[in-house]
Amino acid sequence: HSIAQEVVGLFCMILLTLTALVANIVVMVIILKTPLFRKFIFVCHLCVVNLLSAIFLMPLGIISSSSCFNWVIYSIAECKAVIFLNICFISASILTISIISVERYYYIVHPLRYEVKMTIRLAVAGVIFIWVKSVLITILALVAWPHGNGATSASRCTVYWSPGAHKKVFVILFSITCFILPTIIILAVYSSIYRVARTASLQQAPVPAQAVARRHRCDSIASQVTILTARILMLPRLIPDRLLGSNKAILTLVLIVGQFLCCWLPFFAFHLHSSVTVGTVGGGHGEMVVTWIAYSSFAVNPFFYGLLNRQIREELARLRRSCLNHPLGQELCLSISEASVQENFLQFLQ
């Protein structure tokens, strides 16, 4: 029974790692091949963080969690490197998710302000802020660690190997800055987005059919575009459609916030409990379980923040069709670019 559990656990960890690798690469390729997807720059950065975690952090997690690698011994320097990667990538991932939520708020609620202020310089500044804060938090975790040529097994290489009460202060600070505050931001932002979407859905008025019909008399290009937009994007909405839109907004809110809480709440709750409870020592099977629940975020993030988006999904379908029907790389790039121009233009008109 123990061997069966070990095999199933090892299979799940390898499957999560492979899923994180493939899914993040796919979303990154779609965003980078479509230059007009400027508003997905932070989603692309999230995929970069997830991909780095899948390459460096998750394989080290497999070594630390599986009894098949009990023979692996880390020196103090190697254990510090593992802890550095762990805390740095976790912080960068959660901070990026927080910035994505704020960016979506401005993109949906204040679109004109977003188009003016969301520049490449601001995006680069946001990425630099994420990594600087993540590195500073990680350096704080490594303060007061032992020095010398000591060694420990891979399964015991956790933040709790650090001596003294310093680790309690760090875990509390780490939980506040990388979980509690981001959770408050995410809940507040997506709640505001839901209220705006619900209000817009309830206030959406149908376009009179006579007004659309009268536009057929004008043959100008602008009028033809207006007629096309009115027919496709401004059809009358019935009350059930409005209710469906509200339900979809609620479902999206629940999925995004629920996925974040399901992945990270057990991880930070475990570490907070292990730090503040007298006589409780972290590590062991419980820490391994909550750690891999948290690592699953690296595999599901590209689905919730990338492939769940309609534009990225359509670009993926268009890319797949182009690869099957038009193998020439130049035709593929032109088709993706032209389709993106048309889609963005119709969305701007809407």
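Along the chain as shown, the residues are counted starting at 1.
Keep in mind that glycine also has a Cβ here, set from the backbone N, Cα and C atoms.
Per TrEMBL, domain 'G-protein coupled receptors family 1 profile' is recorded for 23-305. Taken from TrEMBL, the feature transmembrane segment applies to 6-31, 40-63, 83-102, 122-145, 169-190, 249-269, 289-308.
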Could you check whether the transmembrane segment (122-145) packs against the transmembrane segment (249-269) - three or more CB pairs closer than 8 Å, residues at least 6 apart in sequence?
no
State the residues, same chain only, that lie 6 or more residues beyond the ends of the transmembrane segment (289-308) and have a CB under 8 A from a CB inside it; answer 'none' if no residue qualifies.
12-13, 16-17, 19-20, 23-24, 26-27, 30-31, 40, 43, 46-47, 49-50, 53-54, 57-58, 61, 65, 90, 93, 97, 100, 252, 255-256, 259-260, 262-264, 266-267, 269-271, 316
Integer average pLDDT (0 to 100) for the domain 'G-protein coupled receptors family 1 profile' (23-305):
79
